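**Student:** I have a structure I would like to understand better, so I am pasting it below and will then ask my questions one at a time.
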């Protein structure tokens, strides 16, 4: 398998593995498409924002009262909010009857026995939103779980979609999976726009729109990595990070400009659908086609790459391609069960998956909270999104210097420490800005975690199990991520401190698990399951990775690589 990869790398050098085609492909699909995919994927979070609200009590006009605060004081009971502050009830009112309206309000004397649930609808704070599904259909109070349940259904859709489309990418191909992903996420969001009045259908549309939330990002990333030289793979991954963050920064601005969930969803969904109309720029991975025995199609895609890169004549054809790649030795694997073959490999899998779960729940909990904290929900969302880009870059620097294990553990530990002052101050209105800044700092840490754990997931598994290991981690992260919306619900409906208590405890667990993963920086990565079962066995627990110092070894490796490429060139000739 490793030899075939080396041969194909030699083939890619002949057609161009870092030329105009790769630059154009990454710009269109790993940045442009990702910008709009992230907007469409995350738009449901801002669309379901729950603005401040109280019971609507009629009669204010009859007494010519223009002060809304005074009318609330007369008609609404008080209760502690999620910050422990005595404020007007959100879901209850005093039972103001026609008899009360016949006398002056100064004669009213309501008791606790006069408190009833909202009987005449609700008044919403329209400072930032003119319309959302929640304000249109009163998904609050006794229907308050509807918003939370929709987010849960979204994560459930991601779970199912990751399992299905992750496998389809290896059976049908990356190209059709990308187009399916675009169609499905577009259909899901558009159906949601027109079915908010039918809650069951709206939930089904939410699940549909999230089915391909992972594959729409993975398909172009895998194609790009399989047609580029290995040194550019980190750069390609960073391009997707830039596209993701750019989309998340544009998204709240669209909502702020429109103030209407319907049009905001329209403007953030239609652009990704337009990528359906440029199929000529999206190729199928020639490496994948060759591994499936489709040498004619693989040769066709290689010619497309060569033409864009300015190479008109290739020193090989379909028959020579088949000759070079037809003798593959593939190690027998048993799907996800192979991830647990051996104690050490099972331990690495469990700890790696735990890091994914903690990072996933923390990330999406913070995203949901960002638009539900006090202040401007769009600016809160923007600041938490913008912080990701420097976090990814710093994560790359730390991972390449301190190592993956230390970077991952320190980021989790820092997030744990930051949660302590947040829990202490978040109920105090005077420290609102500081609490928001600290929550952004946690987002910074968890973005570093995602960068580091993604590298660890790729590097601790053998070649034949790397994609399976990533898929399994994503599935488990989505499965446990279902609890994230309920953590947010605890904070918005009961006590604003609860989510940060959960995040702090989980981050401490993540730091512990990350510290027990083997270091992969400057290590020879496992190529077989047997090697993976022993990987990290000889490493010291308290140690930082060191670069190889033996110059002769490095020269020998370069010579060996040169011989491999020469042999590949000879085969091509």
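Every residue, even glycine, has its Cβ placed from backbone N, Cα and C.
Just so you know, TrEMBL annotations never went through curation; they're auto-generated.
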**Student:** Transmembrane segment per TrEMBL: which of the ranges 315-338, 435-458 is that?
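**Tutor:** Transmembrane segment, as annotated by TrEMBL, spans 435-458.
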**Student:** Looking at 169-191, 261-283, 284-306, 376-398, which stretch does TrEMBL describe as transmembrane segment?
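**Tutor:** In TrEMBL, the transmembrane segment feature sits at 261-283.
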**Student:** Which range is it, out of 110-129, 130-149, 410-429, that shows up in TrEMBL as transmembrane segment?
**Tutor:** 410-429
**Student:** How about long-range neighbours of the transmembrane segment (261-283): same chain, 6 or more residues beyond its ends, C-beta under 8 Å?
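**Tutor:** For the transmembrane segment (261-283), the nonlocal Cβ contacts are 24-25, 28-29, 32-33, 36-37, 39-40, 43-44, 46-48, 129, 131-133, 175, 178-179, 182-183, 185-186, 189-190, 192-193, 216, 220, 223, 227, 251, 254-255, 301, 304-305.
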**Student:** Cβ under 8 Å to the transmembrane segment (350-369), counting only same-chain residues 6 or more beyond its ends: which ones?
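**Tutor:** The answer is 42, 45, 151, 155, 381, 384, 408, 412, 415, 439, 442-443, 446-447, 449-450, 453, 456-457, 460, 469, 472-474, 476-478, 480-481, 483-485, 487-488, 491, 499, 502-503, 506-507, 509-510, 513-514, 516-517.
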**Student:** Do you know the mean pLDDT across the domain 'Major facilitator superfamily (MFS) profile' (109-522)?
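**Tutor:** Looking only at the domain 'Major facilitator superfamily (MFS) profile' (109-522), pLDDT averages out to 86.
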**Student:** Any chance you could find the range in 27-48, 235-255, 435-458, 470-492, 498-517 with the most Cβ pairs under 8 Å to the transmembrane segment (198-223)?
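**Tutor:** Per the Cβ count, the answer is 27-48.
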**Student:** At a Cβ cut-off of 8 Å, and with pairs 6 or more apart in sequence only, do we get at least 3 pairs between the transmembrane segment (410-429) and the transmembrane segment (498-517), yes or no?
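**Tutor:** Result for the transmembrane segment (410-429) with the transmembrane segment (498-517) is yes.
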